[in-house]
Amino acid sequence: MSSLQLVQATPFSATSPKTHSLPLQLQSLESCSNMSELKQHHSHIIKLGLSTNNDAMGRVIKFCAVSKHGDLGYALKAFDTIPQPDPFIYNTVMRGYLHCRFPRNCIHLYTQMLENSVLPNNFTFPCVLGACCHGDAVEEGRQVHAHVLKFGYSSHVVCLNNLIHMYVNFEFLEEAKRVFDRMLKRDIVSWTTLISGYAQWGCVDEALRVLESMPERNSVVWNALIAAYVQNNRFREAFDLFDRMRAENVVLDKFVAATMLSACTGLGALEQGRWIHSYIEKNGIELDTKLATTVIDMYFKCGCLEKALEVFNGLPCRGVSSWNCMIGGLAMHGKGEAAIELFKEMERKTVAPDSITFVNVLSACAHSGLVKEGRYYFQYMTEVHGIDPRREHYGCMVDLLGRAGMLEEARKLIDEIPMSPDASVLGALLGACRIHGNIELGEQIGKKLIDLEPNNSGRYVLLANIYANAGKFEDVANLRKLMNNRGVKKCPGFSVIELEGVVHEFIAGEETHPQAEEIYAKANEMLECIRSVGYVPYTEEVLQDLEEEEKENPLYYHSEKLAMALGVLKTNPGEILRITKNLRVCRDCHQASKLISKVYDREIIVRDRNRFHHFKNGECSCKDYW
């Protein structure tokens, strides 16, 4: 069907002329529990001579089309026997098509409805507009918009809200805003749909402007906007909005709590996360599986394993997502054996693992160098649980083998993948080539990755590191030139540390912090001090790691060192420093962190792009396996 013609429909009654009182047996249709019962009722309706009665047949079709125990095929057969279906019956069948994910059939039935001179109503348009969204029917959607106006629903809030949603779905944000602006009356769904729509496509500043124009804001619309900033990694602004929301005395519900916990996770803001968790407990907010998982994830990613485990153990009911979160958290912290033990406990509790469970188990093996166990669980997931490996599982295995130096086996595994390997799988092998200095394979994989992701600066950087390590500086220069020609910008490295509930952010070499002079003095003192216990700057890293920090910045002033300097200034011996970095920790900072933890008697927990490092008494939890 190429288009929907504007058929001039003549009014048709909402229901066909009925008998004065339908048999009481028809009311029992509402309590049908399966198709066998439904068919008995349908047979009775036919015997009563009501097989053409819209009210009676509408009840039959409703159960068949939209009940989870129904049968859409049976509904369609029943529909075909009705000489003059009314709008209710058309709407019901369209809902059935949409429910069964047949959006094009739904649109086609709507066309038939118009051709048969049956007037659509306010229940018709939300269904058809939903079908246009799911069926990617852009032009048909525009024509349905015209029908909304033509048939007199230009002021109907629900219909217009669905129009906004449709245009947002197609990324036609100007059209969505135009519908919104012309609404005489708006409800909370109108505002939330537009704000969420802007957020969905990354237009968070436009979303904020819409919120600013609201006469009255509640937690639903605040959550939509805060979530938009969180999804776009603008965590600090999310916290600012959260403060504004609280200043307006808007109640913090579980949805806002979950969103703000994600913001705490993004920034590594443990104290703020603890406050939100405490608020949830004190105010009796239901800690359902989703919110509980978000709390556990926050504690894990803020480096507080003990609290994550405490929350998990306190859950009355643990869904698969909670188990997955725990296993994945242990994996990130390099506790592979503990992750495997937890997986075994999950099986003992008869909780069925899913695909994500095994991604986390294999990731735990990769981060801890458990090659034998990784191979075992890669087979186990298929043989015991019938879960076929996906790209993510192959990526974990390539990472596991690559980290262990088994590059040829990792390459062969990539060749055996039944689907085309994506950038994440190839990226795992490229990272292993950098670790083990395999120039030939690294160059081959690196060039493939750059072709796959020409705008991903990290792919150029890894290959440049491999070239630099081999002394191939001309190739490094050529890669830099290629990046410049393509306009590819390197991701700037930054680190954050939370102290007394305040998040401090550092970029290598910058001096914008109010205490910059003291911080730099402390950084110099720290690094001079650890020289006395064997620290030697790893100057090769300055040349190689173009992404982690620009080589022009002295090693002394890498962002995590500045964060540590502030931490040492503001804390006492024996306290924990928690630092979050957006990139991989460089080799020099890794060595320096071990020594700083020993000399200054601090436990330093660093979360980088890939994993956690727990530095204590001169050692790291990763055992230099990273």
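Going from the start of the chain as shown, residues are counted 1 onward.
Even glycines carry a Cβ here, placed using N, Cα and C.
Quick look at what TrEMBL lists:
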- 86-120: repeat 'PPR' (REPEAT)
- 187-217: repeat 'PPR' (REPEAT)
- 218-252: repeat 'PPR' (REPEAT)
- 319-353: repeat 'PPR' (REPEAT)
- 534-626: domain 'DYW' (DOMAIN)
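Counted with DSSP, the repeat 'PPR' (86-120) comes out as 26 helix, 0 strand, 9 coil. Looking just at the repeat 'PPR' (187-217), the mean pLDDT is 90. Note on the repeat 'PPR' (319-353): DSSP counts are 26 helix, 0 strand, 9 coil.
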